[in-house]
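Peer 1: Below are the structure tokens for one structure; questions will follow.
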């Protein structure tokens, strides 16, 4: 791929990622709750990562430039759209996992760990990819399989926690159990206005 083709692939997938954050994430949260939505998008991302190496088969077809562009955009969307949604869900889950007094500290720690992983991850996985896909090595990259297993493991770990109520259901429960508002006239004395004069 040239620089222009890489830029085109990223530009094509951008609007879909934005639309998914606006439409898909709230819909999944209302249907599955935050933890269930996190599991769904992580499973989708795991399948996309595991099947991503199959896109290289398009390079073997004659006159495959257009096909390669389409498959590259499809693979990029299938991996990055669930990834963005998973980040949103994980941020909400971490935010809701602690009391308000320690929420800032927990969120700061979570973002620090995420930044460290983003710094170390590309170096580690890139090195492992280079070692496992050299000439004469196994044609199926080991890295994609390991990352897929890790993603599925995180999804399973999220499912082992206690269940939660979807946001819309929780809002409906709170509304139903809220104390009724007394609409009867108040019997407490009201202070006099300036026109009524002093009390004494």
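Numbers run from 1 along the shown chain.
For all residues, glycine too, the Cβ spot is worked out from N, Cα and C.
Remember, TrEMBL labels are computer predictions, not curated facts.
Annotation source TrEMBL lists compositional bias 'Low complexity' at 165-187. As annotated by TrEMBL, region 'Disordered' applies to 163-200. What TrEMBL lists as transmembrane segment is 36-55, 67-89, 109-131, 138-158.
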Peer 1: Is the transmembrane segment (36-55) in contact with the transmembrane segment (138-158), using three or more Cβ pairs under 8 angstroms as the rule and ignoring pairs under 6 apart in sequence?
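Peer 2: Taking Cβ pairs at least 6 residues apart, the transmembrane segment (36-55) and the transmembrane segment (138-158) are in contact, with 3 or more under 8 Å.
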Peer 1: Any residues 6+ beyond the ends of the transmembrane segment (67-89) with a Cβ under 8 Å from its own?
Peer 2: 1, 5, 8-10, 12-13, 16-17, 20-21, 24-25, 28-29, 34-35, 37-38, 41-42, 44-45, 48-49, 52, 55, 58-59, 61
